[in-house]
Structures are given as structure tokens and as C-alpha cells.
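Undergrad: Below: one structure in C-alpha cells.
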Amino acid sequence: MEVLYSLSKTLKDARDKIVEGTLYSNVSDLIQQFNQMIVTMNGNDFQTGGIGNLPVRNWTFDFGLLGTTLLNLDANYVENARTIIEYFIDFIDNVCMDEMARESQRNGVAPQSEALRKLAGIKFKRINFDNSSEYIENWNLQNRRQRTGFVFHKPNIFPYSASFTLNRSQPMHDNLMGTMWLNAGSEIQVAGFDYSCAINAPANIQQFEHIVQLRRALTTATITLLPDAERFSFPRVINSADGATTWFFNPVILRPNNVEVEFLLNGQIINTYQARFGTIIARNFDAIRLLFQLMRPPNMTPAVNALFPQAQPFQHHATVGLTLRIESAVCESVLADANETLLANVTAVRQEYAIPVGPVFPPGMNWTELITNYSPSREDNLQRVFTVASIRSMLIK
């Protein structure tokens, strides 16, 4: 994997800097590095593809070295270099696609394609020029079963979940109380509602709770907490739990009271915040508990009082909500990130070449299914293919 990264970094630099008119002295170190790459690769044969519709391709390396010059690089020099660069880039692209198409239930973090396994040989170690990539560093740590630390912005840590729980119900569905939520990606939105606006609740206050269990622990998370859940702020028709009927939800938004958010690790509270909105920090957690209240307004204007009558029918439904959004966090496991294209790149390659469903990844790389059942085998394979995708992205956009 380190060799693949070093090859890609060298080729990217060569493509960007070996251009007509450039002083040789400005790129002499790069050209020496480029020549070292050619010397190491010459005389070797590789094969890629042969899975799904990814075609089998054979690669032979037998290139001359780039020479020295006292002057600027001329058109012939650059054209010769470009021919070599384009062949190498095509090779790297196919090695990456071959690797992204493969998976293994055992030691899935290790190279799976024939070409990348060959590049892991001792003879290619001299190509290791630059291993500064975060993904390469963490791939090395994971390969040795040591602690990794990926920094994610907008991490897709929450599997998609959209549902409701009714704490008070009846066949007519005309006086309901409960919670509804939407968890997805890096965001939780939860709403508590009471058709009667807590008229019969103790002290006219309804208590709500929403707990979300993470599939992997996060650390040093920057989080935004807002006293609103905009996705539940408009009328809608909702299917009943048994699917036998539908019920009408017509929210009128109130501000939540006594809001508390707890971040837990292995059942122990690590951080807790009360009545604090905006940016908050969570040190280390694998579960989130949101607690909040709906309080019937003690004083109401006639217009508000008309919204919340003392008895049925209840045409408007008192609702309070919260939004919790993870802006950035560190995770020991690799995750999809809304700010990165790695999952999209891997999925696109596997779809384009009709890669058959293997023993590890779900059909279509369905992220909700993948993260819901995030096994060590999936974690290993995902770290490998994401690392390869990050390498490929240096050369192929």
C-alpha cells in the first residue's frame, strides 16, 4: 500500500511539474526520484482485472530513463516523460480499481489483488518516497492491530432510522403523545409531541427521551445542538405502527424545556450539558441520550389558547424538538464522510464493472446496512478500499 501511494505521489508531482519551459534544476530531484521509480519497476510484469466486468490487462515495464539537461525542458523531453507518466497512471488506476473490487472475510485489511500483493514485495520498498497520507498511516496501524485515529467532518456514523414511538394512543388516533425521529449520517432530529399540550400531565409537563447507540466510539467531537427539529415542523400523514391506518400530525412548535444531552461510553456518562445550545464538545462516547420536556404555556394570549383547547378535538398538536449534528470527530474506525468522495468512488467502480456481491459488503455498498452491522471484517475491508480510493483520487478525478 505504501508503494502504491509513493508511485501515485511521484506521478502526480511529475505530471504537474514536468512541463515545457521549466528549468531542469527546478525539477532535478523529482526527475531523479522518477528515474528511481522506473529502474525499480522495469523488468516486472503485472496483471489486473478479471473480476466482474473489469477487463484483464497485462502490464510490462521497460522504459528508458529521463536524461539531464543544463537548460529548460523542451517539447521532446516533456513528450517522452508524458508517455511514461500516462502509462504508469493507467497502471495505478487499474490496480486501484482491481483492489476496490475485491473483499475477504479474513485479514481484509491486507492487499487482495495480485498486482498489489506483488507491489508489497521487498524489491519495491525503495520506491517509498512519501508516506504522509493520513489513510496510509492509519492503514499501517490497523494492519499491525494498533490504535488508529481518523478525523472526520460530517461522519456518517448514524444508520438511517426514521420512526415514532407512541406513549399514548387510541384506535381513533386523535389524542396521541410520543416521539418521532430521523437519524441519518451525522445528524439526529427528534420531536416530542402531545395533541392535548400536556393538559393532563403532571404539572402540565411531558417528559421525552431519545437514545442513540453508535456503532463505533467517537472522541473529541465538535457538535451543534439546536432547540428545534425542522423536519417535524410541518403537517404530515403518518402510517400507523400496524399499517392498518394513517394518522394526521399537525405540529405547532414550542420551545423545549429542561433540555439535557448526555454522552456515554460503555454506559457511563462522560459529558453532560443542560440548557446549552450552539456548539458543544463531547470527549469520548458511544451513545447519546437526549432528554427534554414539553410544558403547557402557563400564560397564553387568546390566539394561542385557541390552538390548545382543554378538550378534544385537538386540531393543532403541541411539538418540541431538538437537532444534534456532529460537525467533526475522531474515530478509530474508518467511516464514510459527507466531505469526502471515497464511498462514492468505491461504489461507482463496483457498480460500473458489475462486481458480484461478495462475502463482506452488502449489495450496492448500502451504507445504512453496512454501518448497522459494522463487523471487524467489514471494518478491515473498508479501511483497505478507502485507502486505495484515497490514493486513486490523487490521479483520477
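All positions are counted from 1 along the displayed chain.
Keep in mind that glycine also has a Cβ here, set from the backbone N, Cα and C atoms.
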Undergrad: Out of 62-73, 74-85, 182-193, 218-229, which range is noted as region 'Interaction with the inner capsid protein VP2' by Swiss-Prot?
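TA: Of 62-73, 74-85, 182-193, 218-229, Swiss-Prot gives region 'Interaction with the inner capsid protein VP2' for 62-73.
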Undergrad: So what sits near ASN266 (Ca(2+) binding site) in its own chain, CB-to-CB under 8 Å and at least six residues off in sequence?
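TA: In sequence order, the residues whose Cβ lies under 8 Å from that of ASN266 (Ca(2+) binding site) (at least 6 apart) are ASP286.
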Undergrad: When you scan the chain for residues with a C-beta under 8 Å from the region 'Interaction with the inner capsid protein VP2' (62-73), skipping those not six or more beyond its ends, what do you find?
TA: 18-24, 27-28, 31, 34-35, 38-39, 41-43, 80-81, 84, 87
Undergrad: Going by DSSP, is ASN266 (Ca(2+) binding site) part of a helix, a strand, or coil?
TA: coil
Undergrad: So, by DSSP, how many helix, strand and coil residues make up the region 'Interaction with the inner capsid protein VP2' (62-73)?
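TA: Helix, strand, coil within the region 'Interaction with the inner capsid protein VP2' (62-73): 0 helix, 1 strand, 11 coil.
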Undergrad: Within its own chain, what residues at least 6 apart in sequence put their Cβ under 8 Å from the Cβ of HIS153 (Zn(2+) binding site), listed in sequence order?
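TA: Sequence-distant Cβ neighbours: GLU327, SER328, ASP337, ALA338, ASN339.
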